[in-house]
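Below is one structure, written out as structure tokens; comments come after it.
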Amino acid sequence: MVAFGKKLKERQIQEWEGYYINYKLMKKKVRQYAQQIEVGTQDRRHVLKDFSRMLDNQIEKIVLFLLEQQGLLASRIAELNEQQEALQKQPVISQISLLREAYREVGRDLLKLLFFIEINAIGLRKILKKVDKRFGYRFTDYYVKTRANHPYSQLQQVFKHVGLGAVVGAVSRNLHELQEHEGSYLSIYDQPALPFQDPVVDSMKAAVDRLTHSTNFLNFLAQHALIMQEELPTSDEPVDDQKYHFMSLILNLANTFLYMVNTYIIVPTADDYSMSLGAAATVCGIVIGSMAVAQVFSSVYFSAWSNKSYFRPLVFSSIVLFIGNAMYALAYDFNSIAVLLLGRLFCGLGSARAVNRRYISDCVPLKIRMQASAGFVSASALGMACGPALAGLLQTNFKIYKLTFNQDTLPGWVMSLAWLIYLVWLWISFKEPSHVTEESSTVQESTAEPVENDVLEKGLKQPLLLSSEDKRVTEDGDGEFDGSDEAPEEARVSATSIGSAYRLLTPSVKVQLVIYFMLKYAMEVLLSESSVITTYYFGWSTSSVAIFLACLGLTVLPVNIVVGSYISNMFEDRQILLASEIMVCVGILLSFHIISPYTVPQYVCSGLILFVSAEVLEGVNLSLLSRVMSSRLSRGTYNGGLLSTEAGTLARVVADGTITLAGYLGESKLLNVTLLPSLVICIASIVATCFTYNSLY
């Protein structure tokens, strides 16, 4: 990856060069201070005070220039307003066109100023993270708390872009009034519902949205999706992406929703279906897990296929899922467990989640990419809840000719029909984006990791988990190369195989993937064996199991709202990560059958603690994972998104296999035997997390 300092220099507006944050100088000073503290020639307290003064001077330089430019823009707008007043008395079409273009020119200059603020804010956030890492001290917390809320705060000018909203509003209002609306001048305040499309205004709004990043909740959801965005955008980035098509995005999200429904709709009835075919109830582990086994392979070829097309992979996915669900339903009348498993394997081969992520990353404009990423996560969560709920509604039994329709086969028939309808909709409405090539993916940056695009103030308060430096010139946690502003050429090349991608993983990234494996394993054990466990201990019906699983799925979005909007603002990501790991461990411990009788409240409460904690852990873990992963894993077929998907899928395969193997010991021992590996992996991940933090700080 090109060092941030070099990228910053390349994207500076040349005539403003002297007013940007001097990132290179400050980075050099941080290294010097760190060395002086290490050898004992400098007092830590003096260093922090001196560096605070240096930061204050840098911010003051930025803010004074910002105020000067705002004043110049305000003066130009005032002059144009006088001309507009004169034109209202004696309208001249040619003069109105010239005046409109003059306002647009002000808007374009305002865009430069917004870009100036943005890259300075990113540079400031990065240098604060570097100080925290080098000094081993919470300098960011001290600096933000003492500067952000002070009545004379200059930091607020950078992070809140104070006053610029008025300039944006002035340009937007006057451009709107200069439009011809049946010979009258209409105000945006009088008729706000009127559509107003002007490229400059759209660009300004996109720049402001990018600077403020909507809400913490949307950002938190977007991080679940592992969608990559450009960290340091270009000032002339086009707003209207020709590859974007709204209905295609909806179809992409519909595919995500249907696939999650398809995954979980069979969970409440898989044990009953297995027994009806002459197998043990615990064979449900293999039935459920066979879909994940196939997904291990489908993720790779779908990721590669999405380099060239989106429409064809989605069509192929729909056809394979239609066939797979039909085979799943027909297995009952064929009385064949082999047909049942083959049907689920086909369903796994149709997993197009890599395409879903890639489409959002490549084809959705930056200004709405976060909302689209949040939509991806919401569709997944909704599908996870709807799957079991739908299974609970399919409690009937009838025959049409020789085909049986009951609670076991109806999930297959319903999903076959759903995928057939989706295929027709896809064929009619999907628009293939133009110029989808492997080369463009390296520029656009594909589905690897979510961006470090936090709200800027939040980014200050949440330093990242940084990778260790084990080479003379190494890529540190924020993607820079210490010791030089030049990055090796090979650091810009994407991984070409799973092996080369794995070799790019730092110790901290490996820990994050272990955590991801653990939480997916624990969740899969809870969900997949729920029907067998509740039937054995409590005699629950299929409807009761479906309600329980649906309620668990419905907790996903509320939990993310609370964590994304509140908890993440109160605590560091690393603290939430460790706390949620411990709570997952507590949920596993409470689930063990040690004291008889095993009661419904114990199972439900422990399962709820485990599931909710794992959901919190997943969001925070992916957030941290996105920030410490190499930029070479942000594009190409073998990207960070694929690695994390494979880790989660393998966890599901191992968990479902464990359930089936444990079934040979008898249903009475199934619960404790399957929970034991979850507990061991969970404790190992907690130890690895603590060890990683201690080695880095």
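Glycine too: its Cβ is placed from the backbone N, Cα and C atoms.
TrEMBL annotations: computationally assigned, not manually curated.
Since the structure is predicted, the reported quantities are computational estimates derived from the model, not experimental observations.
Feature annotation from TrEMBL assigns domain 'SPX' to 2-145.
According to TrEMBL, the feature transmembrane segment maps to 249-267 (among others).
Away from its own ends, the transmembrane segment (279-302) comes close to residues 263, 266-267, 270-273, 313, 317, 337, 340-341, 344-355, 498, 524, 528-529, 531-532, 535, 637, 642, 645-646, 649-650, 652-653, 655-660, 662-664, 667, 670 of its chain (Cβ-Cβ under 8 Å, at least six residues beyond either end). What TrEMBL lists as transmembrane segment is 279-302 (among others).
According to TrEMBL, the feature transmembrane segment maps to 314-331 (among others). Nonlocal intrachain contacts for the transmembrane segment (314-331), taken as residues 6+ away from its ends with a CB within less than 8 angstroms of a stretch CB, comprise 251-252, 255, 258-259, 262, 266, 273, 277, 302, 337, 339-340, 342-352, 355, 403, 409-413, 415-416, 419-420, 422-423, 426-427, 430.
For the transmembrane segment (337-355), the list of distant contacts is 252, 255-256, 259, 262-263, 266, 273-274, 277-279, 283, 286-288, 290-295, 297-299, 302-303, 305-306, 310, 313-314, 316-321, 323-331, 412, 447, 641-642, 645: same-chain residues at least six beyond its ends, Cβ to Cβ under 8 Å. Under the heading transmembrane segment, TrEMBL lists 337-355 (among others).
Among the features that TrEMBL reports, transmembrane segment is placed at 376-398 (among others).
Taken from TrEMBL, the feature transmembrane segment covers 410-428 (among others).
The transmembrane segment feature in TrEMBL is assigned to 513-539 (among others).
Sequence-distant contacts of the transmembrane segment (545-564) (same chain, six or more residues past either end, CB-CB distance under 8 Å): 216-221, 224, 264, 267-268, 377-378, 381-382, 384-389, 391-393, 527, 530-531, 534-535, 576, 604, 607-608, 611-612, 615-616, 619-620. The transmembrane segment annotation in TrEMBL covers 545-564 (among others).
TrEMBL lists 576-595 (among others) with the feature transmembrane segment.
Annotation source TrEMBL lists transmembrane segment at 601-625 (among others).
Under the heading transmembrane segment, TrEMBL lists 670-694 (among others).
Outside the transmembrane segment (376-398) by six or more residues, the chain places 221-222, 224-225, 227, 253-254, 256-269, 356-357, 360, 404-407, 410-411, 414, 542-543, 545-550, 552-554, 556-557, 560 with a CB less than 8 A from a CB of the stretch. Between the transmembrane segment (670-694) and the transmembrane segment (410-428), fewer than three CB pairs separated by 6 or more residues in sequence fall under 8 Å, so the two stretches do not touch. As a whole-number mean, the pLDDT of the domain 'SPX' (2-145) in this prediction is 79. Secondary structure counts, DSSP: the domain 'SPX' (2-145) has 126 helix, 0 strand, 18 coil.
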